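Enquirer: My questions all concern the structure below.
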Amino acid sequence: MTEGIQNVSQPQIKIENLNLWYGEKQALKNVSMQIPKNSITALIGPSGCGKSTFIRCLNRMNDLINNCRIEGKVSIEGKDIYEPDVDAVELRKNVGMVFQKPNPFPMSIYDNVAYGPRIHGANKKDLDGVVEQALRSAAIWDEVSDRLKSPALSLSGGQQQRLCIARTLAVKPKTILFDEPTSALDPISTLRIEDLTMELKKDYTIVIVTHNMQQAARISDYTGFFLMGELIEFDQTRQIFQNPREKSTEDYITGRFG
């Protein structure tokens, strides 16, 4: 990996020499990165390069995969999340995740958003306010405020994805991971999610996996390029797209492979 950004004054997440294996297959190789607070970091690279595997290390989703082994260090706000005393459920409350395809629960719009706060012991009398605030923050309140008891699955794809973002926001995370959140959406819905993401970075640290080079260039502050399990280059997005240090980075973003 080229030098790029070495020391961030306020890193929300610090990754040091991260390696991951699925059985005998090594999927991540000596990945180190510092993700700044209240920023959008985009992860780009061809399919199978390790991007999604990497972000699942940031909230220990890989714990759920059999035969997965991890070495290295991932610190969030100075705390190593792989220490034995770390509660993975509490970690995932603080590091929320939005997936590639909208995955609302088969329940009402209201109950989708209230689900997480209920699990974490929210006071019943506070739920209405929590739900409204999350839906407003996800820019969907005006579209659903008069039908909160309707099935979430009755919403359009773009609305469902914003509902899933609201569901994530409802438990008040500090970091949000997006794994290709617009790949299943139409261009108009994609633009709304992008606008929302840029608005959310005021209050959250955001890491987004995307195959869309234009999307990464439009919305992110920092970009990391992965190839075959290695972080090839990590820098400010402007630097990556205008003057990459590595030829393989330039080849990828100009469409020579991928």
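Placement of Cβ uses the backbone N, Cα and C atoms for every residue, glycine included.
Sharing the feature lines straight out of Swiss-Prot:
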- G45, P46, S47, G48, C49, G50, K51, S52: ATP binding site (BINDING)
- 13-253: domain 'ABC transporter' (DOMAIN)
Enquirer: Give the helix, strand or coil assignment DSSP yields for G50 (ATP binding site).
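Expert: Note: G50 (ATP binding site) is coil by DSSP, not helix or strand.
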Enquirer: Neighbours of the ATP site G45, P46, S47, G48, C49, G50, K51, S52: Cβ within 8 Å of the Cβ centroid, same chain, sequence order.
Expert: T53, F226, L227
Enquirer: Please classify the secondary structure at G45 (ATP binding site) using three-state DSSP.
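Expert: Note: G45 (ATP binding site) is coil by DSSP, not helix or strand.
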Enquirer: Below 8 Å Cβ to Cβ and six or more residues apart, same chain only. Which residues does that give for S52 (ATP binding site)?
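Expert: Spatial neighbours, sequence-distant, of S52 (ATP binding site): D179, E180, V209.
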Enquirer: Taking G45, P46, G50 as the binding-site residues to compare, which has the smallest set of other Cβ atoms within 10 Å?
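Expert: Counting other Cβ atoms within 10 Å of each of the binding-site residues G45, P46, G50, the minimum falls on P46.
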